[in-house]
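Residues or ranges marked as active site, proton acceptor in Swiss-Prot (evidence: sequence analysis): 69. The annotation site 'Important for substrate specificity' is assigned in Swiss-Prot to 12, 70, 154.
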């Protein structure tokens, strides 16, 4: 079996991949993650997932390289990582009582064959009505400034949800394991 490499520095993705109990290593790809003019969010996450995986092929022959990227979409607007309290407050205020769709791009690149499987897995979060005090308490408690949509679904962020909708809850955290297992099996990897 080719070695498995996660093209990410995300601790969330690393923790998710570890659930599969397969040996893997991690390496952070160096790519330009800028959105192209008029690029649809669906296309953006698939392109970035593929580029992250392909960026590591030169140094990693005979590897299956996993790339992933995620954006949150609210009212057809892409929400990036807030990086600050103020921006997170704006995002969660705008999302209050609405639905936020997370698009997670996933790529599995076989550096031996040059073949790449790419997909996008959507997951929708229906948010509760949130007042400013609730949002501020949440932000001070969890500081989700490195998360698209300004919350951590694997933590206290779940308290902001009214309901969720999607085929793979792990896609919300950044690595859709159900779809990844399909891709790995197609490459001949035994899971479990």
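Backbone N, Cα and C atoms are what each Cβ position is placed from, and that goes for glycine too.
Recorded features from Swiss-Prot, shown on the structure.
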residue : record                                     : contacts (Cβ under 8 Å, 6+ apart)
12      : site 'Important for substrate specificity' : 154, 173, 174, 175
69      : active site, proton acceptor               : 33, 44, 45, 48, 49, 52, 104, 105
70      : site 'Important for substrate specificity' : 45, 102, 103, 104, 105, 148, 171, 174
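Under the three-state DSSP scheme, residue 12 (site 'Important for substrate specificity') falls in the helix class.
Around the Cβ of residue 154 (site 'Important for substrate specificity'), the number of neighbouring Cβ atoms within 10 Å comes to 16. In the three-state DSSP scheme, residue 154 (site 'Important for substrate specificity') falls into the coil class.
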